[in-house]
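> Checked TrEMBL, it gives:
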REGION    1-55  region 'Disordered'
COMPBIAS  43-55  compositional bias 'Polar residues'
DOMAIN    59-149  domain 'GDP/GTP exchange factor Sec2 N-terminal'
COILED    67-151  coiled coil
COMPBIAS  156-173  compositional bias 'Polar residues'
REGION    156-204  region 'Disordered'
COMPBIAS  184-199  compositional bias 'Polar residues'
Amino acid sequence: SQANFEEDIQKEPAVGHWKPLMPSKGSTEEPETGCQDAGGVDETQSTEQLNVSRLRSSSVEIREKGSEFLKEELHKAQKELKLKDKECERLSKVREQLEQELEELTASLFEEAHKMVREANTKQAASEKQLREARGKIDMLQAEVTALKTLVITSTPSSPNRELHPQLQSPSKTVFRKGHGRNKSTSSAMVSAASQNVTPEPVSRERKEVDSILFAEFQAWKESPTLDKTCSFLDRIYREDIGPCLDFTKRELSELVQVAVEQNTLTIEPAASQTLPGVKVSAEECGGPKKCALSGLPRTCKHRIMLGDSGNYYYISPSCRARITAVCNFFTYIRYIQQGLVRQDVELMFWEVMRLRREMSLAKLGFYPSEM
């Protein structure tokens, strides 16, 4: 049986073995054609499988490369987004800072504008006040010039004017001259002595001798006239004459009176010229027709004073009025010298100053004319 099986195997053709390329002479072409068809199909299938495997491998590679590229792009986009967020945050901070600076600048501009408006209003008010004061002084000077012209014109050798020639007056009227109506810190008697070139006659037949120290101080002051009390000329007069003359019992009111006289803002008027105004201070400080506000003594007060534009009136006795008037006359004369209105020799001006100093000394000692 085994031998038969081997024979059968040998008899059957071997399937799958390559046949020779050149067929034998006795063989037909049909078996060769069938063999070739089978080999071509296998080769085509293997080629297709190879192509499919290649396509699969290439698609996997493309997918992997695409995923890597997308990851890189996503990473770049995230970085750019973070940078954009930081830039937006920075720009928002810059905007907030600019808005804050703009608000501060606007507030400062408004504040500066209000400040400029306030300063302009203050300057305008001060200018208006100075204009009113200047107009008042101009009116006063015009009145004084008119009075001076009248005095000069009416004085002739046959009929001399007694205001221009004090030696013709009675002794009781030569020391004190009538002064201070409603004009501030001025005297009608001072106009003639300050504004004209007539040599003042001596008050009485008395001898005079120039003090070298006082004359030197006056000459130094005359070179550059000033109202500064620190100069040697005015410092001496303040210590020896003005200070004692305006030293009253009511010290606080005395200081206010001295300041008003220095600033040319003091007004003296008869007490009966107007009705009593509304008084803002106590009756004890203001005094009354029967009590002097400066000395505090019971005296008949025919005049009252007002300091500046306060509206408060203080009743004063004749003695206090004489002391204030003497100081006002002195300040009026030195103001005329400072303004260049006195055209006299230096020695004549010096003796006029000495006469005014004597009036202050006499008023301080209690001497005053009966018409006060």
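In case you wondered, yes, glycine gets a Cβ from its N, Cα and C as well.
Heads up, TrEMBL stuff is auto-annotated, nobody curated it.
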> What are the DSSP helix/strand/coil residue counts across the compositional bias 'Polar residues' (43-55)?
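Secondary-structure breakdown of the compositional bias 'Polar residues' (43-55): 13 helix, 0 strand, 0 coil.
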> What are the DSSP helix, strand and coil residue counts for the domain 'GDP/GTP exchange factor Sec2 N-terminal' (59-149)?
91 helix, 0 strand, 0 coil
